């Protein structure tokens, strides 16, 4: 009788130990899954940062033939496709501005075109000639 009781107690101890190990393995698996999820989030963040940096680099890269950045050349190509001529003064000023995005370049050119249009519409005051 005592032998059967001892075998039963040993069986319960073995089951308890195995279930404890199983719980530890489940806990470790959950921790590893959380760690993997955190690493995946970091990879996504780093990929976004890398793509933003690559975009900035491509916008800042200078075309050696015309001495303008890629975004400036793209905007000037849009004007050329639309058969709109840009005065050389605006292009010369554009070289010195070093604008970062195509929208900034477009806004700058439009502002300068408006300014030059107003300047060219000025007339000489009639009273100045005598």
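Using N, Cα and C of the backbone, Cβ positions are placed for all residues, glycine too.
Transmembrane segment is the annotation Swiss-Prot gives to one range among 1-20, 21-40, and that range is 1-20. Cα to Cα, residue 113 (site 'Involved in dimerization') and residue 120 (site 'Involved in oligomerization and DNA binding') are separated by 10 Å.
In sequence order, 87, 89, 90 constitute the residues six or more apart from residue 116 (site 'Involved in dimerization') in its chain with CB-CB distances below 8 Å. For residue 120 (site 'Involved in oligomerization and DNA binding'), other Cβ atoms within 10 Å of its Cβ number 8.
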